[in-house]
Amino acid sequence: MRTHTLGFPRIGGNRELKKAVEDYWKGAATRQQLEDAARAIRLRNWTLQREAGIDVVPVGDFALYDHILDAALLLGVIPPRFRNDDAPRDIDLMFRMARGQGGDRPVAPLEMTKWFDTNYHYLVPELDAATTFAPDAAPLLALIDEALAAGFTPKAVLPGPMTFLWLSKRVDGGTRWSLLPALLDAYGALLRDVAARCPLIQLDEPILSLDLADDIRSRFVPAYARLRVAVPDATLLLASYFAPVGDNLPVALSLPVDVVHLDLVRGPEDLTPALDILTRAAARQPADSGLPQSGSQSGIALSLGVINGRNVWRVDADKAAAPVRAAVAALGPDRVWVAPSCSLLHCPVDLDAETGLDPEVAQWLAFARQKCAEVRLVADMCDLNGRADAPETAAALARNRAALAARAASPVIHDPAVAVRAGTVTPEMGWRATPYTARIAAQRAALRLPVLPATTIGSFPQTVDIRAQRRKLRTGQITEAQYDAAMREAIATAIREQEALGLDVLVHGEPERNDMVEYFGEQLRGFCITANGWVQSYGTRCVKPPLLYGDVARPGPMTVRWITHAQSLTQKPVKGMLTGPVTIACWSFVRDDVPRPVVFRQLALAIRDEVADLEAAGIGVIQIDEPALREGLPLRRAAHAAYLDAAVGAFRLASSGVRDATQIHTHMCYCDFHDIIDHVAALDADVISLEASRSRMELLDVFATHAYPNEVGPGVYDIHSPRVPSIDEMETLLRAASRVLPLDRLWANPDCGLKTRDWPETRASLAHLVAAATRVREGG
């Protein structure tokens, strides 16, 4: 029985990668210094895994920006605007594709979107009829050599060809699948080079956890047959995760691979049919038949993902061991591997760094390093060669059971008052008093905005001084009063800047918020905050999800004093800025002892109370951000309705207790709305803003097809790139939007908040946005 991981956090225990990459971008570090920092992180990652008991470490899971971008470069998928005959395929090209910066002029970066149903974002490879794959395994081979030289047993990790193509975009409108034969040739060449140094290769095919059309599913077997011909002697591990493989299981287990990984956290129901398929295959092919076992059903091993790779709660080792024992009984220990459910990319690195957590809560947790030890514990519990009875196994199991028992009995988890409040909710509380078509007149009379009003999404640059003030407060160098004064001045600066730019609806800029979810987690009961529990969101952007461990309640107002201060400084409307209940849940590490709809409702009631306080304080525009609503959608359609009903109900419960004249906004990120547009409309937000610039407004088509009735603010510039788009570029996007939706139902805004940008580029971009909106408004 072997232990392995599908991937490990790449940011470093103290976000060393973020600092190294950003220093390189600023010219404060050389390429050699960046490469040295990356090498040190990889070595530390491999060492932590081996010390925790992992037999085989992943190589290729590490990326300076994004692993799908790395795969595109390995395959030579480089769009023409990034090509330069004299430029090598190196990290500068990679960063240019990610950010649009570098070279002789700024260009539009690759589109970015969510990685399945997680809060990680990947860069979308671009394909067209002229795409020619040019594989070059050298970067991956260098990493393999690095691991071998350090004495590790490596497993090369690559996205599988079917998933790579699925995640890519045909920019010329053609079908992606016409490029599959050429892509398989490129993969075959890559795998041949890799297998010569590292015969164990993991190919990630998470699209096997989706509802696949028959014509897509049918391509898997011939595709993998070609790969097997390319590397007949390699050990191929096919990995799927994030949902049950379900009806794709017969295909997955018929592929000519040696190991198939199943996510038994998200898809425990996959185990029984998988064992049935494999044991029946073995019965049909006797061991002495003389036929090759490798790559046939009768010889396939199962990698069982029994440790949750997406949450931070300590595993129930007894529960996790049960499917492993069942697999060992059916297949034998040599055909069973133990692993986390998915890459540990989605977890913080090391719980040992959290010295300030409440010890009671800390004992319930496991971060990436601890999850590796949990993999080892579960494997040892199921070992047939003596480890199950070893004293160290017994001691680790005793600690695990004690922690779980303590959590179950803890009085800090349950708040009777929260249950009483939830019991008072009525269906009428989830509906506005009148439909949008009736209340829009009251809002326009109250707000007196021009056609195509210009606004921003919420946050403004978090300057060095703002971050320093927060750090000084945390370390006791300044008082609360001094901190409040500094934040009020930052808010005043944001208001002055917006008025000078000519924006129509202003925001306070959120200087007091370190993160749009963590800020609320700090003020709501039922949460605790880590000091170093960072996870990667995209590139160098890291987030620190709060830990939602118990019933949620709001002790008092959370945002009112900041928003009312901002409103006192201007005659223009200032938006109240809140994070919605679904996003708070999706972007937190959420308790696993109650159903998700229970958490949604508790959070919705807390936000509802905050909305009421903002309205009572005279705030006429209130934005409740739900960027994670689409992200939280289960991958399988069978689970969609229950999730969407709970999510929409939570948003409406949070937002519907206001007068007609109060305008409710929401914001969503990187979404494909086609399959949920009815539910987006059911939110009944007066205005929805969304990220649309990288897709060149393609996202709006669904709003026209659906005849979406309310107002829309399509993002007209990408805030994830430092590039300042021109007035003409934004005008073109706004005019494209006006061909889809009437001008009197459109807003002009950036794609997202401006927290990560600097003031010079923010001023320039917003000035261009206002100018573009004015042109379109005046030109009709």
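Glycine residues also receive a Cβ, built from the backbone N, Cα and C atoms like all the rest.
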Q: Would you identify which residue of Lys114, Lys472, Lys755 Swiss-Prot lists as part of the 5-methyltetrahydropteroyltri-L-glutamate site it also attributes to Arg15, Glu16, Leu17, Lys18, Arg541, Cys542, Trp587, Glu631?
A: Lys114
Q | Among Glu510, Glu512, Glu518 - the residue Swiss-Prot places in the same L-methionine site as Ile457, Gly458, Ser459, Asp625 | A | Glu510
Q | From binding-site residues Lys114, Ser459, Asp625, the one whose Cα lies nearest Cys752 (Zn(2+) binding site) | A | Ser459
Q. If we check Cα distances from Ile457 (L-homocysteine binding site), which of the binding-site residues Arg15, Glu631, His667 wins as closest?
A. His667
Q: Select one residue from His667, His720: among these recorded positions, choose the one with the most other Cβ atoms within 10 Å of its Cβ.
A: His667
Q. Do you see any of the recorded positions Gly458, Ser459, Asp625, His667, Cys669, His720 whose C-alpha is within 10 Å of Glu631 (5-methyltetrahydropteroyltri-L-glutamate binding site), and which ones?
A. Cys669
Q | Distance, Lys114 (5-methyltetrahydropteroyltri-L-glutamate binding site) to Cys669 (Zn(2+) binding site) (CA atoms, angstrom) | A | 9
Q) According to DSSP, which of helix, strand or coil covers Leu17 (5-methyltetrahydropteroyltri-L-glutamate binding site)? A) helix
Q | Candidate binding-site residues Arg15, Ser459, Glu510, His667, pick with smallest Cα gap to His720 (active site, proton donor) | A | Ser459
Q | Integer Cα-Cα distance in angstrom, Arg15 (5-methyltetrahydropteroyltri-L-glutamate binding site) to Ser459 (L-homocysteine binding site) | A | 23
(Q) Nearest of the binding-site residues to Lys114 (5-methyltetrahydropteroyltri-L-glutamate binding site) by CA-CA distance, picking from Gly458, Ser459, Asp625, Glu691? (A) Glu691
Q) Relative to the Cα of His667 (Zn(2+) binding site), which of the binding-site residues Gly458, Glu510, Cys542 has the closest Cα? A) Gly458
